[in-house]
Amino acid sequence: VSSESQKMVLFMCCRLLSLCILAPPGLGWYTVNSAYGDTIIMPCRLDVPQNLMFGKWKYEKPDGSPVFIAFRSSTKKSVQYDDVPEYKDRLSLSENYTLSISNARISDEKRFVCMLVTEDNVFEAPTIVKVFKQPSKPEIVSKALFLETEQLKKLGDCISEDSYPDGNITWYRNGKVLHPLEGAVVIIFKKEMDPVTQLYTMTSTLEYKTTKADIQMPFTCSVTYYGPSGQKTVHSEQAVFDIYYPTEQVTIQVLPPKTAIKEGDNITLKCLGNGNPPPEEFLFYLPGQPEGIRSSNTYTLTDVRRNATGDYKCSLIDKKSTIASAAITVHYLDLSLNPSGEVTRQIGDALPVSCTISASRNATVVWMKDNIRLRSSPSFSSLHYQDAGNYVCETALQEVEGLKKRESLTLIVEGKPQIKMTKKTDPSGLSKTIICHVEGFPKPAIQWTITGSGSVINQTEESPYINGRYYSKIIISPEENVTLTCTAENQLERTVNSLNVSAISIPEHDEADEISDENREKVNDQAKLIVGIVVGLLLAALVAGVVYWLYMKKSKTASKHVNKDLGNMEENKKLEENNHKTEA
C-alpha cells in the first residue's frame, strides 16, 4: 500500500472513530453572506501545520452526513474535485485552502467544513453560508379602473418577485402606512416559492373603502427584505385612482352667456352635476309645465319670444329633489308709428303723429328728419311746405345689444299754386324788374305772357325751388304801358295773375320783394332779440322804482320822528318861560 493510501486510511479511521479530530481553540461559528449569483469565498481559517498531508472541503447534509467536494495534496500540489453534480465546474480551491463557489445559489446555503489532515490529527473549521436575493421592484397590478365612495372594493395587487429570503409588503396612502381596518382596509398577503430556483414571489392584495378625500391621492406599496448588508426597502411607483361619487348638487347654465336675451335669440340650457362621473341625462322643467322633459345635459330653445320669460329648472332623473333653477327674461321692443309709410296732406292741414313704444324696460326714442336729429317729436297743427320730408322714429334698449326698432313716415305736403307779383325800377331808370313769386307743390311750372299781344316771354331767370317756393323774374324796358301775366300750374290747379307795368318814362311806385324763408327767420330772430331787450329794460325800471319807493317810505317815517322830537323841545321851552314869569 502506498503512503498516500496509508494516509487516507488513517484519515478515515480517525474520522470514523472520532479520536483524532481537533478544532483549534478560539474557532467558533463563521458565516459568509453572499448575494445571489455572486462568488462565495470561504477562507479555511486554519493555520497550515508543518506536517500537513492534505486538505479537504466538505459540506453536511441535513441529516449530518458529509459530502466531500474538494481535495488538495500538500506534496503534489494537485487539486481534485469530487463528482458532486451541483458543484460541477463551480469550485476553486486555492493554495491556502480557500474555497470559492461561483454563481451562488439558494441551495448553497449549507454548513461547509475546511479539513487539514496531518499524520496525527485532523483539524476542522466550519463555515455557514447565507445567500440573499434582492426582490424585484414592487409593482401595483390588476388596478381597479375606478373606486366608488362608501364601497369596499379591490384597489389592486402589489407584487414583488424573485426574493430570498421572502420579504414583507406594506401599503401606503399619500405616504402614510395603511393598517387593516374592519370594513375599510383589508390586506391579504401570500407568498409562493419556485421549486426550481427556491426564490419567493410575494403578493399583497388591498381592498379599500374610498371617500372623496381620496381624490388625486397617490397609493404606493413597498417590499422590505434582508440582504447581505442588512434590511432594505424598495418602493413602487405611485398609482392614482379615479374616484366615483354620487351627484349631490346640480347647477344650470344659460348659453351663450349674455347680459340680456332678446326675442329671436336661441338659448341653450346646460345642466351640470358635481358627481363623478357627471350625470348624462336630466329632467328640464319649462315655465308653466309641471312635467319635466328628459334630455341630455343640454336643452335648446330656438327663436324665443317674450312669453318664454320665467324660471327654468333641471333635476336628476332618479333624484328629483336635487334641482337647480335659473330665471330668464326675454326682452322685447315694439314700435308703432301712426301714420307711417308715404302720407300726402294739403298745406294747412293738421296731422297728428304718434310713435308708441312697448318694451320690457325703459327705451330711448329718437326722431330724425332727413337724417338730421330732431329735438322733439314732430307735431303738425297746420302743415307747411317745409314740413315735408322723411321722418324716422327709432327706439332702442341700451342694455340689450342689438335690440332696435325703427319706422318711417314720408310726408308729402301738397298745395295749389299761389302767385304774388312785384315790380321794381332800376336806379338808372332804364329798366324794370318784374318778379313772379310762386308757392305750391308739386312744383308749379311758370309761364310769362304779355297781355294784348299774347306773346310768350322765354328769357326769364328762376330761383331754386325750396320748401315749395321759388320765383321767376324778367327785366324789361317798356316804351308803353303793358300788362304782364304770370301763369303757375301743377297737377292740382292752374293759377293766373297779372300786373300792369307803366312805360319806362312814367314813374311809378315799386312793390316790395317777397321775404324769403331764410330772411323771414332772421327777421323773427331780430324781433325776438328786440323784445327781449325791451322786456329786460322794463324789468330793470320796475326794480329801480320799487327800490326808490321803499327808500322814500323810510325817509318819510324818519322825518315824522324828527318833527315830533322838535315839537317836544318847543313845548319844554315854553313851560320853562312860564315858570320863570310866575316866580318873578
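Here the Cβ of each residue, glycine as well, is placed from N, Cα and C on the backbone.
Just so you know, TrEMBL annotations never went through curation; they're auto-generated.
For reference, TrEMBL has these:
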COMPBIAS  570-584  compositional bias 'Basic and acidic residues'
DOMAIN    126-235  domain 'Ig-like'
DOMAIN    246-329  domain 'Ig-like'
DOMAIN    348-410  domain 'Ig-like'
DOMAIN    417-502  domain 'Ig-like'
REGION    563-584  region 'Disordered'
SIGNAL    1-28  signal peptide
TRANSMEM  529-551  transmembrane segment
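Residue counts for the domain 'Ig-like' (348-410) under DSSP (helix as H, G, I; strand as E, B; rest coil) come to 3 helix, 31 strand, 29 coil. Residue counts for the domain 'Ig-like' (246-329) under DSSP, split into helix (H, G, I), strand (E, B) and coil, are 3 helix, 40 strand, 41 coil. Per DSSP, the secondary structure of the domain 'Ig-like' (126-235) breaks down as 3 helix, 70 strand, 37 coil.
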